[in-house]
Amino acid sequence: MRPAVLGSPDRAPPEDEGPVMVKLEDSEEEGEAALWDPGPEAARLRFRCFRYEEATGPQEALAQLRELCRQWLRPEVRSKEQMLELLVLEQFLGALPPEIQARVQGQRPGSPEEAAALVDGLRREPGGPRRWVTVQVQGQEVLSEKMEPSSFQPLPETEPPTPEPGPKTPPRTMQESPLGLQVKEESEVTEDSDFLESGPLAATQESVPTLLPEEAQRCGTVLDQIFPHSKTGPEGPSWREHPRALWHEEAGGIFSPGFALQLGSISAGPGSVSPHLHVPWDLGMAGLSGQIQSPSREGGFAHALLLPSDLRSEQDPTDEDPCRGVGPALITTRWRSPRGRSRGRPSTGGGVVRGGRCDVCGKVFSQRSNLLRHQKIHTGERPFVCSECGRSFSRSSHLLRHQLTHTEERPFVCGDCGQGFVRSARLEEHRRVHTGEQPFRCAECGQSFRQRSNLLQHQRIHGDPPGPGAKPPAPPGAPEPPGPFPCSECRESFARRAVLLEHQAVHTGDKSFGCVECGERFGRRSVLLQHRRVHSGERPFACAECGQSFRQRSNLTQHRRIHTGERPFACAECGKAFRQRPTLTQHLRVHTGEKPFACPECGQRFSQRLKLTRHQRTHTGEKPYHCGECGLGFTQVSRLTEHQRIHTGERPFACPECGQSFRQHANLTQHRRIHTGERPYACPECGKAFRQRPTLTQHLRTHRREKPFACQDCGRRFHQSTKLIQHQRVHSAE
């Protein structure tokens, strides 16, 4: 797509030519406004508008082009698919017809899909193709859309200024209209575009100044003549009090972004600049037309002429409001001098208002595309759906980022450890692990963090809201105080303060993130996002080996170790290795004898919280897991799963040595000790070893002379239940 500039810089219009008529497209305003706007559109225009003359040599030109391209595409932030989307969007906009292209560019779409939706909306608008006319305002001709005389209020009869002698234009078929407007029908817009590209006015157009003070005074005078009072009477409001007018009088300029009517200058000579009247109208979906004066050799300014595009012949001539249905816009132009240096500065008096205010929350946006994107938050619209898992997104860029989780593509790779990431921001955060950098420091306690989100989460512990009232972070690079860091509630110590702060959320009960489905609240946003997948059923992380899917990437990582056999967490006491760190933590309590979880009913203590939960069901009698076949209830879901295999006959655990299968994995583990000869349970009294723990328990009763199983008939006691069953058969035979 060509940038929004006209022609070549080395062609200057001849000085002896009169005013040149051009059509100023809406996209030119957007493109020139972007020259001082540090946004993606400004970066694109800087790249497309680069000229070889701006560099001192070919090497510098190539280096500048590379840098401008990098600033536009930002490969360190965007993925290849996102950069491709930018190029497709640019080409799509460039392929549109000129009028539609200007109107779509004015909305600044963020993706090709959004641009296509805008084009569809424009095609469905009522109204046929527009025709353009030549409007002569007191002796000067400009291009405008065709309008009816009833669109304007006539001026009082005044004597027009005497035009200067000069060559007369060939006779044309004209229509007389108020204000001395002479209208002649011209060809379609497409012919105007050809004229723009090949005419003498092929120069760069940039943002513009407001009216000069003397021009502003003349504008106000003529406006008083055009709109002296309303039709309700001579005492009605003037144009300055019009309810839809957004008049600004800054730096001597009068303008309400919008419809501009050019006045004939009293001393209309070569090189003079004519003033403009700006009255309100809607430029959001309007075409622009204008006249640009031929510049002097030193370079100078020229004002653009804006005429309303919504003036229809069917407009009611008796309408009391000549400015009905109009809104703000303003465009003026600036010339570049032949030396290539721009003159003037952007006008600050009345910029283009292209966004709007959200009706729901009142938030204001400078661009309509951002407003439309924001409104999807309130409507819940998510038009971009992932074909793999069905998850929907409000923006196509979010969908592309999400799809990388399915393809396992991680284009941003760490040069130190080789770990890949979907987003470059995650790579930058990961690099701080190697460098030890923690730039975000809490001003309250001095704790440093690698990520700002962790700092904001931490500040809630001190009571500082993560907003304008929060204390600013400490200077980056400040060292963290040395550990360990003990918890004031339970005295547990941690090597890092960040881990301590996460642990303290258990005691403080800080749960700032709530689920809209079930109301459950969480202390961390990441945990809330994982919880939402329980309701949606989403399992975006699938194993490439067996196809099993998981809700969390960490679960997939742990599952892969089943296929690879990796057990990275080893016990320092006995050397036993585990696939998960929590399993190792639980195992270490076997050596230390630690049992931190106590039952409040009976005082029995457990090494695992899960075991405490299961134990408490013996007091409450709760059996939340029921079999769908026989209705039998269980206190543990694992027991229900094992029970259901009785109905299905499933025996998923097979011995690789003899092929015998089992319903439970524990039974397979015990069986394999027959082949390996392993006897891990040894008696501390006599040293005898056993393959199963229950067998060791029974053996210990022989040393302790325990006989817990008593016969109800004769009172005889036994140390094994099997011995009691055999004994009871004696009484049954009698």
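Even glycines carry a Cβ here, placed using N, Cα and C.
Record check of S111, S274, S337 in Swiss-Prot: the feature phosphoserine is attached to S111.
Your range for zinc finger, going by Swiss-Prot and the list 58-80, 196-218, 541-563, is 541-563. Screening K146, K376, K511, K723 against Swiss-Prot annotations picks out K723 (annotated as SUMO2 cross-link). In this structure, the recorded positions S111, K723 were compared by how many other Cβ atoms lie within 10 Å of their Cβ, and the smallest count belongs to K723.
Beyond its flanks by at least six residues, the zinc finger (356-378) meets 106-110, 114, 284, 394-395 of its own chain at Cβ-Cβ distances under 8 Å. The separation of K723 (SUMO2 cross-link) from S111 (phosphoserine), Cα to Cα, is 79 Å. Within the same chain, the zinc finger (681-703) packs against the zinc finger (709-731): three or more Cβ pairs sit under 8 Å, each pair at least 6 residues apart. Across the zinc finger (681-703), DSSP assigns 11 helix, 4 strand, 8 coil.
Under the three-state DSSP scheme, S111 (phosphoserine) falls in the coil class.
Beyond the zinc finger (412-434), the same-chain residues lying 6 or more positions past its ends with a Cβ under 8 Å from any Cβ of the stretch are 76-79, 401, 404-405, 450-451. Over the zinc finger (681-703), the average per-residue pLDDT in this prediction is 90.
Stretch with the largest number of CB pairs closer than 8 A to the zinc finger (625-647), among 440-462, 485-507, 597-619: 597-619.
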